[in-house]
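Trainee: I have a structure I would like to understand better, so I am pasting it below and will then ask my questions one at a time.
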């Protein structure tokens, strides 16, 4: 059995769950289409805690996503495939999507780059974001818009980019300088009695 056949078989196994357990399709649809807004809201909440640790985490997370997305575009130019619903018969398709290159999965890149970066900062609670990232990845296959390989590649890019940024960004002093300047201006405009720059504080 070829790797391509394994990829298709794995897709069929997950996607066919939508036919067997159709009552879960609305939940899967929500995960696949709208959970990104929950992720964005989570980053806003972390930012509004006004701790330097959380704000650096948000900045690093955004950088990790940008790095992963750039790498994803490069990978997509080297290998491409259309969505399963465009190439396979009898696909459980939950999402209306234009036919284009589905490799790698942008949604998975987004959730794993940011989710894993959060995990690196907050290991006690960050695993929840990884569970969410995994759920979103599965939902994209279940919905018929990605193959397992698309999702796996996106997850790998996201994790590697998060690790790269987590290890290298602290050495970029201008990030800390810009954040410090922002916080000084913010403190003048919107004073916070409990403002703390304690990087060990968890949210």
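Quick reminder: no glycine exception, Cβ is built from N, Cα and C everywhere.
The feature transmembrane segment is assigned by Swiss-Prot to 27-47, 56-76, 103-121, 126-143, 149-169, with sequence analysis given as support.
A description of the local structural setting of each listed feature is requested, covering burial, neighbours and distances.
Mentor: Non-local neighbours of the transmembrane segment (126-143) in the same chain are 11, 14-15, 17-18, 25, 28-29, 31-32, 35, 38-39, 42, 92-95, 105, 107-108, 111-112, 114-116, 118-120, 150-151, 154-155, 158; each lies 6+ residues outside the stretch with a CB under 8 Å from one of its CB atoms.
Below 8 angstroms of C-beta separation, residues 7, 56, 59-61, 63-65, 67-68, 71-72, 75, 81, 102-117, 120, 133, 137-138, 140-141, 175 of the same chain, each at least six residues beyond the ends of the transmembrane segment (149-169), sit close to that stretch.
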Trainee: Report, as numbers and ranges, which residues of the same chain sit near the transmembrane segment (27-47): CB under 8 Å and 6 or more residues beyond its ends.
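Mentor: For the transmembrane segment (27-47), the list is 18, 54-55, 57-58, 61-62, 94-95, 107, 110-111, 114-115, 118, 129, 132, 135-136, 139-140, 142-143, 145, 203.
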